[in-house]
Amino acid sequence: MGAIITLSLLGILILYLGLYKAKNALLPVSILGLLGALAYELYYWQSDAVPMYKGMVLFDHFALAFSMLCIVLTILILLLSKEYFKSISENIAEYYTLIIFSLTGALMVCAYHNFAMLFIGLEIMSVALYILVGIRRKDKASNEASLKYFLMGAFSTGFLLFGITLLYGATGTFDLAVLKEYIIANPTEVSPLFYGGILLLLVGLCFKVGVAPFHFWTPDVYDGAPILITTFMSTVVKIASFAGFLKLFSMVLIPLNEFWTPVLLTIVIITLFVGNITALMQTSFKRMMAYSSISHAGYMLFAILSIGANSASGILTYAIAYGLSSIVAFGSLMLVKRHIGSDQFESFNGLGKTNPGLAFAITVAMLSLAGIPLTAGFIGKFMMFTTVMNDYHTVLLLLAAINAAIGIYYYFRVIVHMYFMKGEGEEPVQLSINFKLVFGLAVLLTIIIGIYPDIIVSLI
Amino acid sequence: MTIFYFVAFLSIFFALMTIFTKNPVHSVLYLVITFATFTVHYILLNAQFLAAVNFIVYMGAIMVLFLFVLMLLNLNKESEPMKSNLVKIMGVIAGMCLIVTFLGAFRLLESNNAMVQGHENIGLVKNLGKVLFSDFLLPFEISSILLLTAMVGAVLLAKKETRVKQHG
């Protein structure tokens, strides 16, 4: 709870800093505040997890681990933002505030114990994003992305709310613990309202995490949004939504898994194929990353499909690997786009010769996204595949292996462009110290987790 | 009970009219009437607060906003996007599936279950306030961040960029 309060106050403080034109203080103060919030989360790690504030929030190890991941990723993203926002507009303080508020919502989604908190958390997270997506007001693509995201987001929230209402109609409560007791007390005669509620909740949550067939907004929004915001959306927001998703299903709905497993299985298979095959056909790096984020959401759903003791740590490992690599990928795209002015694969040509360090970082990120051993991505994929294997979903496993192979193809295309194609210019891309720090940290963590996965796996 | 059936018939009738009228302004006006019938439903259910909010916010504020937007956009037949028949058929099928799902969910509803009968006065403002300031205090307070976010965003999107010349 301390972290949520800290972040709320931090947002307001930054608004005031913007008012008094303290532009140089914005980034340091934001980072310090985020570190403070991180310290709060670490502090709560030892204490006993009991639902607080009349059962509204629960800070167990699951919630704390995902919250910390979100905060760390936000710090990395903000470090990349230093030059970026200035080139877009004057109102930098407001953007920092909105990102921090969005993070506050994400923490609430990680820690909710009552549907009221889930709903408000998701809304805070999304409302801030609707605006951030559209901050390039002169750019038509950015405007379109913002409007599309807003309409789709509002629509999916409607489904989610209706689902919550039906669950309330069946049980008379919003509290996860009471809902769980209800299912355990009536395992055979659960009200039909409850089943309808589960389906609608599933639709709403699938919209939020962007899996097929509810993925139509994802490519356009990710493509149209400013790169930094795309990074934030595809990492922090997606991970928090998954945490909320997993919490609901593992805590409450698991006794009814015979009902929802077939539905989710279909969604997973469609998602894997749609995400990977369309990613294969892209010529723009940014769009490729958008589609590949759909397929990664499909892999993460594996943990929800066959919920077990390892689900939470599996999804956490996958999310860390995916988040770190995405930040490197989008960060390098930001640099390359500023240098060459295009986000096609061709702009990466010859990067291996002019910027060996940057090319190495991108290579590690791509290998991690593809799931090659000795990177964190491999451990994440390995854990996901093991959870599914324990449930004997052999067909799914086979399809997933095919998709992983397709994934390797398009991730390697980036590497091929960097090392084996000749670039036009000779002068190297300029990296500021912040970028070097973030890339170095992300690559280091990716490799460390790839070699010693135990530090993360044993966490939850 | 007869009042309920009459009002329910009116709700469904005007909701269908909302969809089937060609003129967007008429459509919005039918939607206003649909909301008015909902207000009557809420009063029948003894939910005064919801009735008032529905009347003021939805019928009053939001629908007026709808009308303004329609007038600003100046929609007419020519600017209407072409919809293919395939999309229409798919929409009908999907909608029907949704209805079937809901009917399946609602099939065992009984109006006299303990949860409804036990809380006859649950919709009164007094009880709502009590719940809001005891059990749901945290979400109530935190929604202030939601409102602040929306406010900052609205100002940010609507403010004029003073980039070319700084007039203070």
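Backbone N, Cα and C atoms are what each Cβ position is placed from, and that goes for glycine too.
The following features are taken from TrEMBL:
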type	residues	note
DOMAIN	A:114-406	domain 'NADH:quinone oxidoreductase/Mrp antiporter transmembrane'
TRANSMEM	A:25-45	transmembrane segment
TRANSMEM	A:57-80	transmembrane segment
TRANSMEM	A:92-109	transmembrane segment
TRANSMEM	A:115-135	transmembrane segment
TRANSMEM	A:147-170	transmembrane segment
TRANSMEM	A:193-216	transmembrane segment
TRANSMEM	A:228-253	transmembrane segment
TRANSMEM	A:259-281	transmembrane segment
TRANSMEM	A:288-309	transmembrane segment
TRANSMEM	A:315-336	transmembrane segment
TRANSMEM	A:357-380	transmembrane segment
TRANSMEM	A:433-452	transmembrane segment
Recorded stretch, among A:25-45, A:193-216, A:315-336, maximising Cβ pairs under 8 Å relative to the transmembrane segment (A:92-109): A:25-45
Leading stretch by Cβ pairs under 8 Å, where the reference is the transmembrane segment (A:315-336) and the options are A:115-135, A:193-216, A:357-380, A:433-452: A:357-380
Tertiary contacts of the transmembrane segment (A:228-253) (same chain, 6+ residues out, Cβ under 8 Å): 62-63, 66, 69-70, 73-74, 77, 80-81, 84-85, 99, 102-103, 105-107, 109-110, 112, 118, 121-122, 125, 129, 132-133, 135, 176, 179-180, 183, 198, 201, 205, 208-210, 221-222, 260, 286, 289-290, 293, 297, 300, 303-304, 307, 311-312, 315, 319, 322-323, 326-327, 330-331, 334
